Amino acid sequence: MDEKESMLSRVAQLIEQLHSNVSSPQERELTTARLLGIAKARKEARALIGSHGQAMPLFVSILRNGTLMAKINVAATLSVLCKDEDLRIKVLLGGCIPPLLSLLKSDATEARKVAAEALCIVSSGVLSDHVGMKIFVTEGVVPTLWEQLSRNNKQDKVVEGFVTGALRNLCGDKDGYWRTTLDAGGVDIIVSLLSSSNPTAQSNAASLLACLMLGFPDSIPKIIGAGAIKTLLGLLGQHKDASVRASAAEALEALSLKSTEAKQAIVDAQGMPVLIGAIVAPSKEGMQGEWGQALQQHSTQALANICSGMSALLLYLGELSRSPRLAAPVADIIGALAYALMVFKQSGDEEPFESTKIECILIILLKPRDNKLVQERLLEAMASLYGNPNLSVSISQSEAKKVLIGLITMATGDAQEYLILALIRLCTDRVSVWEALGKREGIQMLISSLGLSSEQHQEYAVEMLAILTEEVDDSKWAITAAGGIPPLVQLIEVGSHRAREGAACVLWKLGCHSEDIRACVESSGAIPALIWLLKIGVPNEQEASATALIKLTRTADSATINQLLALLFADSPSSKVHIIKVLGHVLSTASHSELVHKGATANTGLRSLVQVLNSSDEKTQEYAASVLADLFSNRQDM
């Protein structure tokens with residue numbers, strides 16, 4: 001608190017010095033420099049400056065009448081303040097725009113830099129702010145900014161970047177002043193900026209082109225005539241800044257959306273392979289963040305526009321992936337197909353896409369031994385195909401195929417080859433996943449993956465076992481015979497969330513098959529493990545655990561009841577619903593004497609359930625009442 005009060009006092013003192021009429025110009029320069037330093041260093045100081053009633057009027061006064069250095073300090077301070085959204089609004093409403101525009105026209109480069117930066121930052125988010133946009137329109141900001149970019153004004157590269165950034169913030173695709181800009185040679189200005197040595201200016205110029213074409217498609221012939229397509233395709237290259245590449249792809253998307261002539265021009269300029277390369281660039285180059293995502297999205301949509309829709313693009317990339325490998329970058333083509341399959345969405349007015357066509361192409365290309373990169377891209381594409389609900393709905397056994405793809409990506413060597421052949425059989429021979437995996441041999445491989453493998457590998461193995469036990473009764477004895485029950489129990493204790501839930505589900509299905517397997521599961525320590533999962537699991541795991549316990553538990557032994565009672569009255573888990581359900585089932589297996597004899601464990605459990613009726617939680621009360629009703633209904637001897 002002392003430090004905050006000291007800072008408040010310091011800020012107030014500096015602003016008072018600016019307000020004093022006896023301060024010399026040099027003293028004002030020093031004071032504004034100190035305020036700038038404090039604002040840069042401390043977020044709290046920015047809030048204090050912004051909330052001071054005299055700060056904005058003084059800043060406007062200095063921007064109008066101060067020395068050049070004082071103006072530069074104030075403009076820089078405004079830029080710092082505008083990084084906080086609340087303060088940006090205060091700056092915008094404080095009357096700073098006209099003097100900043102005047103400073104932008106200064107002969108001093110440093111003054112133009114700070115003015116341009118302040119205008120760029122204060123204009124962010126203005127397109128969605130009616131009042132803010134009205135201020136910029138009223139003050140004629142956009143025409144002034146375009147004027148600064150005209151051929152007669154050779155700007156510093158930093159100024160150029162900030163000016164184009166402000167225009168990018170202010171120029172939407174429906175703004176009326178674009179027409180004036182076009183008449184004043186705006187296309188030539190923007191296209192020339194695409195070749196700027198400043199990446200920020202290039203990125204902003206490409207984004208401005210996109211807005212211009214979306215709002216005024218009749219400008220596209222002029223844009224094509226200015227050589228923009230070749231330049232934009234060049235900006236997609238590997239050595240360009242990520243923001244530049246993403247914005248160039250955005251412009252190409254707008255071009256291909258609005259003009260048939262532009263589509264053909266992109267194809268004629270060899271733009272298709274360039275756009276395909278742009279889709280896979282983020283994964284190949286390790287490009288992280290929003291610019292990489294934007295590059296992929298815009299490039300994919302540009303290709304879809306050229307091909308007349310996403311469905312047509314999928315078929316185009318599918319056929320292209322069958323090209324001779326020496327004649328085309330097949331790995332990149334398949335990678336682009338993988339991304340397109342992942343983001344594909346079926347439109348309501350479109351015919352359902354025939355996903356099996358793509359599946360047939362991919363499975364023909366998939367080989368147990370192949371170029372590693374091509375094989376990885378094929379598996380990515382198949383994972384996207386089976387993982388997209390819009391596409392997998394028309395593919396048989398898509399869930400099993402998706403899990404099998406996951407197992408293949410986790411496996412190595414002979415095991416991977418074996419699983420690839422299993423996938424090929426599953427897709428081509430019209431067999432079940434049980435037969436494709438080689439029946440018991442496949443079960444043994446899956447069981448071996450439950451122990452020493454990575455978490456993700458374990459999850460895929462458990463998911464496949466869950467699919468097999470759901471579909472094929474023979475798989476349940478195969479799992480038991482292969483020694484699969486102990487590692488499943490162990491997974492409940494040490495596995496990931498997905499693995500624990502899956503393991504509980506498999507144990508439940510095993511217990512449902514026969515009394516012999518149920519006894520094997522119980523003797524492997526499954527019941528204590530599942531009770532522990534009731535305590536520490538997330539809701540899905542608790543539900544799976546409760547379902548398995550109700551199936552596996554046949555006797556009301558004291559240890560099980562005591563464990564459940566301990567959970568019932570413990571702080572965790574917070575929800576007691578599944579514990580109550582399991583406890584009710586266990587009590588239903590107890591003998592009459594155990595239930596009615598005071599002091600017996602089962603009797604204690606019954607009394608505890610009755611106590612739960614006093615719970616303050618309505619859901620807990622409801623479940624307790626329901627379980628007790630079922631118990632009394634099923635046990636008439638009570």
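Using the three backbone atoms N, Cα and C, a Cβ is placed for every residue, glycine included.
TrEMBL annotations:
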- 41-260: domain 'U-box' (DOMAIN)
- 483-525: repeat 'ARM' (REPEAT)
- 604-638: repeat 'ARM' (REPEAT)
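Per-residue pLDDT, averaged along the domain 'U-box' (41-260), amounts to 85 for this model. Same-chain neighbours of the repeat 'ARM' (604-638): 556, 561, 564-565, 568-569, 575-577, 580-581, 583-584, 586-588, 592, 595-596, counting only residues six or more beyond its ends whose CB sits under 8 Å from a CB of the stretch. With a cut-off of 8 Å between Cβ atoms, the residues of this chain six or more beyond the repeat 'ARM' (483-525) that come close are 443, 446-447, 450-451, 455, 458-459, 462-463, 465-466, 469-470, 473, 476-477, 532-533, 537-538, 540-541, 544-545, 547-548, 551-554. Residue counts for the repeat 'ARM' (483-525) under DSSP, split into helix (H, G, I), strand (E, B) and coil, are 36 helix, 0 strand, 7 coil.
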